[in-house]
Amino acid sequence: MYSSLLSIACGAVLGAWLRWFVGLKFNSTFQNFPLGTILVNLVGGFIIGFAIALFANMQLSSNYKLFVITGFCGALTTFSTFSAEVIDLLQQQKYGFAIALITIHLMGSLLCTVLGLLSYQWLSQH
C-alpha cells in the first residue's frame, strides 16, 4: 500500500512540475490560445497511450503503472484548466476560439493516445 502511494506521489510531483513549466513557457505564446495547456494534454494523451500498450505487453510491478499513468499523467494533464479556459473564452464571447480549443483538446488528445499505442506497437516490432 505505501509503495503504491509513493509511486503515485513521485509521478504526480514530476507531472505537476512539468505542467507548471510548460504552462509558464507557452501559455503566453498566443493571446487567446493557451498553448501550454494544449501541449500537456496532447503529450499526456500520447504518453498514456504508449504506457497502456507497454504495460499490457510487459510484466512489470503495478507501481510502474501507478507512477506513469495515475501519478505522472494524472498531474501532467489538466481537464479543470481546460474547462476554465473554455469558459473564459465563452464569457468573452470568443465562440470560435472556444470551439477550436474544445476540438483541439478532445480530438487531439484522442489522436495522440492512438499514436502512443501505435508507436509502442511499431517500436516493439522493430
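Cβ atoms are placed via backbone N, Cα and C, with glycine included.
Database features (Swiss-Prot):
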type	residues	note
BINDING	Gly74, Thr77	Na(+) binding site
TRANSMEM	4-24	transmembrane segment
TRANSMEM	35-55	transmembrane segment
TRANSMEM	67-87	transmembrane segment
TRANSMEM	97-117	transmembrane segment
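For the transmembrane segment (4-24), same-chain residues at least 6 beyond its ends with a Cβ under 8 Å from one of its own Cβ atoms are 34, 36-37, 39-40, 44, 62-64, 66-68, 70-78, 81. Beyond its flanks by at least six residues, the transmembrane segment (35-55) meets 15, 18-19, 22-27, 29, 64-65, 68-69, 72-73, 76-78, 81-82, 85, 101, 104-105, 108-121 of its own chain at Cβ-Cβ distances under 8 Å. Residues of the same chain lying 6 or more positions beyond the ends of the transmembrane segment (97-117) and with a Cβ under 8 Å from any Cβ of it are 32-34, 37-38, 41-53, 77, 82, 85-86, 89-90. Neighbour count (other Cβ atoms within 10 Å of the Cβ, all protein chains): 18 for Gly74 (Na(+) binding site). Classification of Gly74 (Na(+) binding site) by DSSP places it within a helix. Packing around Thr77 (Na(+) binding site) is summarised by its Cβ count: 22 other Cβ atoms lie within 10 angstroms of its Cβ, all protein chains included.
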